[in-house]
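**Student:** Take a look at the following structure, please.
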C-alpha cells in the first residue's frame, strides 16, 4: 500500500494497472473536466461478502468510491453538497445510525475514538439527546512554539469544554460523529428513544452491482431540486462556514452536542505552513461567521426560544471576530500618528489615572499568558499567539469584513477557497525552523508591512523629540511615556516583519514591491498627519 501511494503521488495520477482493476477509476478516462461529469460510484469492498477479509481473516467494512455528478449549470455547493450526497448514498447502502465526518487532510489517531463516541450516544440517561460528538481538532505538523498559532489551544481546551453545560459546542466540520437522524433534519422529542438492536441490522439485501446503479441518482445534480436538502436536511447551503450553521440548526431543533478531548488526540490533520495560507484560511472563516450573524440564522434571533440564551451569546464572539478588526486597526494606527502630531492619548506618568491603564494591560496579558501555559503551551508560543492575533485582526479579518459588506450589497458572490497546505522543501525547512514565511505578494502583506513601518516611524519620531529637545526630554517622557511604550510593544511584535522587509535573503522574505509600497504608504500617512 505504501508503494502504491508513493507511485500515485509521483505520477500525479492513478497507475494504469490499478485503474484497470476498478471500473470507477476507468470511468474517468471518458471525463473531459472534473467540473463536468456523471456520477461515478463503485463499491470497492462489500462488507456483506464473507470473502471480504484482511490478511488475518478479519472482516472488512464496506468501502465505496463516489464522485458525485457535476455540471456547469448546477451549483454543487462545495463541501456541503459533497457531504449531503454521501449521506444519501450511504443511507441506501449501509444506513448506519452514526456517521463520522473527517476532512481529507485528517486521519484517525486513536483507535478508541469510535468507542468513546458510542459511549456518549448510547448513554441510558442523556445519550438520546446528543446529535453529534465533536472531537478536538489537532495537527501533527505544528512546531514546538506554534509559529502561526494554528492549534487554538485556549479556545479548544477551555472554551469549547465550557459549552457542554449550556447545550454543547458548535460543529467544526471535521472529526465529528453525527447521529444520522439529526443530520437528516429530525427534530428532537422528549420521549425519543433509540432501539439499538433494531438499527444495527439495516443493511441492504440487493447485490453490489444493483446498488451501484440505483444509488447514482442520489448523487445527481437534480436530485435535490424541490426538496429540503441544504435547507432543513443535511448540511445547510449558502454559507462559507456550512459546519457552524449546520450545528446551530441542529441545536435549534432541540438536540444537544458534546465535546470530546481524550488524552490521546482522536484525529490529526495538517495545519498551514505559510503565513499567507494561514491568513487566507482565517479570512474565509471570519467571512463565513460574519455572514451567519448578518443572516436570518443569527444565533440571537434564530435561536430565540430554541436554545439557551447563554449558548446564543456564546456563538456571537466568534461571529463578530471580523468586526473586531476596526477596533484593532484604530488602536494600532492612532497612537503612533498622534505621537507624531504631539497629541497625548494616555494619562501622564505622574497622574494617578495611569494605574488603571497599567493594571488592566498587565493583568489581562498575565491572565492570557497563564491560561496559555496551563493549556500546555510555551512562553514563545504565547508570544507567537499574540503576534498572530494582531496579524489576523489587521489583515485577514479586515478583508473578511470588507468582502462580507460587498456580498450584502450584491457586488461579490460566495466563493469557497480551499486552503493550500503544501510547500516546497525550502519552505518546509524554514517552517521547521520557526521562521515566518512571507515570500508572496498579497494585499494583506501590504497592510501588515505598512502598519509595521508606521509604528517604527512613530518610535523614531518620539526618539527624535527626546534626544533633540534635551531641555524638554523629561516632559516628553512624562506626557507620552505610555504612548511610546505602546508603540514600542507593537514594534517588538512586528520584528519578524522588519526582518523579512530588510534583512532576509531567502525566498521567504517579503517581496520588494511590498517593501516599497509599505514605506511609501507609511511616509504619506506620517506626512499627512504632521501637516
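The backbone N, Cα and C atoms fix where each Cβ goes, glycine too.
These figures come from a predicted structure and were not determined experimentally.
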**Student:** Transmembrane segment per TrEMBL: which of the ranges 279-304, 435-460 is that?
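**Tutor:** That would be 435-460, per the transmembrane segment entry in TrEMBL.
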**Student:** Hey, what's the Cβ neighbour count for residue 79 (Mn(2+) binding site) at 10 Å?
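**Tutor:** Cβ-Cβ neighbours of residue 79 (Mn(2+) binding site) within 10 Å number 19.
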**Student:** Can you check which residues sit near residue 103 (Mn(2+) binding site), meaning Cβ under 8 Å from its Cβ, same chain, 6 or more apart in sequence, and list them in order?
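**Tutor:** Those within reach of residue 103 (Mn(2+) binding site), by Cβ under 8 Å and sequence separation of 6 or more, are 173, 174, 269.
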**Student:** Do the transmembrane segment (396-414) and the transmembrane segment (318-340) share at least 3 Cβ pairs under 8 Å, sequence separation 6 or more?
**Tutor:** yes
